[in-house]
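Just below is one structure, and these are the notes that go with it.
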């Protein structure tokens, strides 16, 4: 009998202690944030979206190799000897036409491994997180600023160059037999 | 056999009922989609009324072939995958992997990086135990502790976001060091968090730990005796809740853990009996206090320097094999790594603590109520991401 009432007393007493804790919380400022109306500024290291400053890209493909999930796809075409593609902001020569620089953010695992090997620091994560899309294909971001016509032209030129090189090689290969 | 006709007009409804009426055990699938299984765990229960006769866990619903993936990744590329195993304590997982590879490759790590690693690992331990505190209360019907636990966890996640950029999956601890040095004022913020956090423990105790209803639901429930715990290979707070004083940070110190002064918390039977759900819970609450102690000491002792100094550009691991174990919030996390000197690991086998901890469930479940099984499962603090990998 005594045990019975002791149990009831303890249950009520400890619940009241807990209620006291919650009651005290009525008088402290709220910690929640009404998100769409209020926003906090995320720290600069936040990894929310990959961004490529394509003007600085030299087409070295180190980010592509570093990616564990292969979400970066790069196509490059070598510049001609007399062609000058300009310099990057930290003074590196750009030896490649970067005809394709696609990042599939739906595949990205946000590990940040691609940003560290970049020699010109042109690929980086930004704290911008509001890029939800209705279609998954919209998450495939294209960073290259070459138009399809330009790409086709460059590819044609590259194919011609390769053909010429192959012909020269074939000729060079013939010579010893001719002699 | 008796024919039983209950006056249906159609004779097709005549039923044959065995005589006498026999009772049978009831097979119940708990999960895989069940809020108290903490992920996608399926437990097949054979019940006799409300009493569980046997419980068999079926796993594999979250299998993501981590170990096979790791064989195709370069050494640093494995770290993001390691983060995704125990997603509540990513830092501790990455720490174990990094330490294992460093020991195999003979890489010395910068002092400052080592201290930063300890700080983030211990903060992550607190965050993981806070999730346990919240969800354990939630399993037993107490909703408020969940909100309070997540409030403090959010502060730790904010600290992590500032230092690593990620909130849950950090890729912060690298082979040979850490990804970034701490930003300006970060260490002061850590101390500020410790100052804020320590009084909160009392609040948790008032709210949940010493609540009579909570004690009645957990004390004496799911008692795992010392010998059973050792036989099943339990580790971490689950083992210490059974009164075994074993903590890898003390018994087999890795990294720089031998420089810190802290106690190993063991279930002491303050309420209930040693080895029950309440004592496993109590060990975790005490461990949060010890973790703040370690964090404070680490911030005090941290030297100046470049944390990225010793991160190798190309990780070269000589041929060989290693088994390395660390203490995560869930217990002993072991990595067995084989290298043939190439770019990729040949084998990365993980000894997941939650996997071994779950294995004790069929041994303790018989004879308990279904509702108590939820308490036992919650007190084991399993993370399915780690069990299935």
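Note that the numbers count up from 1, one per residue, in the order the chain is shown.
Keep in mind that glycine also has a Cβ here, set from the backbone N, Cα and C atoms.
Listed by TrEMBL as binding [4Fe-4S] cluster 2 are A:108, A:111, A:114; the candidate from A:60, A:67 that the record includes in that site is A:67.
Remark: residue A:114 ([4Fe-4S] cluster 2 binding site) has A:50, A:63, A:64, A:66, A:67, A:72, A:123 as non-local neighbours, by Cβ distance under 8 Å and separation of at least 6 in sequence. Listed in sequence order, the residues A:58, A:59, A:61, A:62, A:117, A:119, A:120, A:122, A:123 complete the 8 Å Cβ shell around the [4Fe-4S] cluster 1 site centroid, once A:57, A:60, A:63, A:118 themselves are left out. Those binding-site residues from the list A:57, A:60, A:63, A:108, A:111, A:118 that have a Cβ under 8 Å from chain B Cβ atoms: A:111. In this view, residue A:60 ([4Fe-4S] cluster 1 binding site) is surrounded by 18 other Cβ atoms within 10 Å of its Cβ, with every protein chain counted.
Long-range neighbours of the domain '4Fe-4S ferredoxin-type' (A:99-128) within the same chain, counting only residues 6 or more positions beyond its ends whose Cβ lies under 8 Å from a Cβ of the stretch, are 41-58, 60, 62-77, 88-90, 92, 136, 139-144, 146, 150-151, 154-155.
Taking Cβ-Cβ distances under 8 Å and a sequence separation of 6 or more, the neighbours of residue A:118 ([4Fe-4S] cluster 1 binding site) in its chain are A:62, A:63, A:124.
Cβ atoms within 8 Å of the centroid of the Cβ atoms of A:67, A:108, A:111, A:114 (the [4Fe-4S] cluster 2 site) belong to the same-chain residues A:50, A:63, A:66, A:68, A:69, A:71, A:72, A:109, A:110, A:112, A:113, site residues excluded.
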